[in-house]
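Summarising the annotation, TrEMBL assigns transmembrane segment to 7-26, 38-59, 79-100, 166-192, 236-254, 260-287, 294-313, 325-355.
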Amino acid sequence: MKFEKKQVYYVVLAFVLCYAIQAYWSNGASIVGTIYKASFPFLIGAGIAYIVNIVMSLYEMLYTRVIKNRILLKAKRAISMILAYLTFILLISWLFSIVLPDLISSINSLLKIDTTGVANFIKEVSDNKATKELLDYFGNSSDITSTFSEYSQQILNQVLSVLTGLLTSVSTIASTVLTVFVSLVFSIYVLASKEQLGRQFNLLIDTYLGTYAEKVHYVLDILHLRFHGFFVGQTLEAMILGSLTAAGMFLFSFPYAATIGILVAFTALIPVIGAYIGATIGFILIATQSVSQAFLFLVYLVVLQQFEGNIIYPRVVGGSIGLPGMWVLMAITIGGALWGILGMLVAVPLAASLYQIIKDNVAKRQQANLDN
């Protein structure tokens, strides 16, 4: 078997790269981790820009139809961008104003303790003859006092641990606020000059990738198609499911109807398992008021999900995801393990894009085999 110089070069290069990765893995992983942490706000900002751009493009289209003055048309981007961000801010504020009071009320219900009943129970146990004999068997009062002292010290340590955790939480909150601020500012810059950035990015691809440029553009088009279809279709489907949930709960006089409808809508953004997460939260909230109503709510939501999944979902979302249920579940599991809730949302369109690329490639190869 004859080897060409180019093949030998690639084999040697592969061995060198493998050795370098093995020898400097810890340093390389540390550098990559530092770069990722530094670029994380900008990645989030790019994601925010992508989502806000969907709404902004809608405002720009409406603005162009309504406004015909040339001078006012120059302000189309700025006005549409402001309206898009205001839409998200007002929506989030409205949702919190509905959800938070009910959540606080339900938490208070869970924390309520009948102190009279507890006191009577303790008194009965203390006065019980068998209890006294049991205490005498295990130790005298000094041992009990020592035990209580030990438990008191443990409780004090736990309180100090909680206070330390609170200080850490304050630092984490400050870091999160800074990340959100940087992300929002970056997203504004991206949206303000998205056409210019798009041209520059395409120019770099065409200049440096040569024959691979067409394939890269194809992959990017698939990614855009799947992400855009997922966010639009899944959001619309989640809004419909949340509205139907709230309407039915109002009709059957379930408590926390608006709050649970909103929670179901938000969790339904995660395909397959999202609605079940919303159902679990709703069950817990209603159970603080009535356990029987909580079980009736589960029955209602299961029936509603069957109707929504078989009738509404195929018509609203359709083939925007284009990914079989088994692969959706796998993508959600892996994405959630890697990046939490954000990973669940991003993993589905990513997996759908990969699935479409492989599907197209298989079809292309099969057609080539038939032609030959």
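We count from 1, first residue shown onward.
Heads up, the Cβ atoms here are built off N, Cα and C, so glycines get one too.
Unlike curated records, TrEMBL annotations are generated automatically.
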Among 38-59, 236-254, 260-287, 294-313, 325-355, which stretch has the highest count of C-beta pairs below 8 Å with the transmembrane segment (79-100)?
38-59
How about the transmembrane segment (325-355) and the transmembrane segment (236-254): at least 3 CB pairs under 8 Å, pairs 6 or more apart in sequence, or not?
no
Could you tell me whether the transmembrane segment (236-254) and the transmembrane segment (294-313) have 3+ CB pairs under 8 A, leaving out pairs under 6 positions apart?
yes
Any residues 6+ beyond the ends of the transmembrane segment (260-287) with a Cβ under 8 Å from its own?
95, 98-99, 102-103, 106, 234-235, 237-239, 241-243, 245-247, 249, 254, 293-295, 297-298, 301-302, 305, 321, 325, 328-329, 332, 341, 344-345, 348
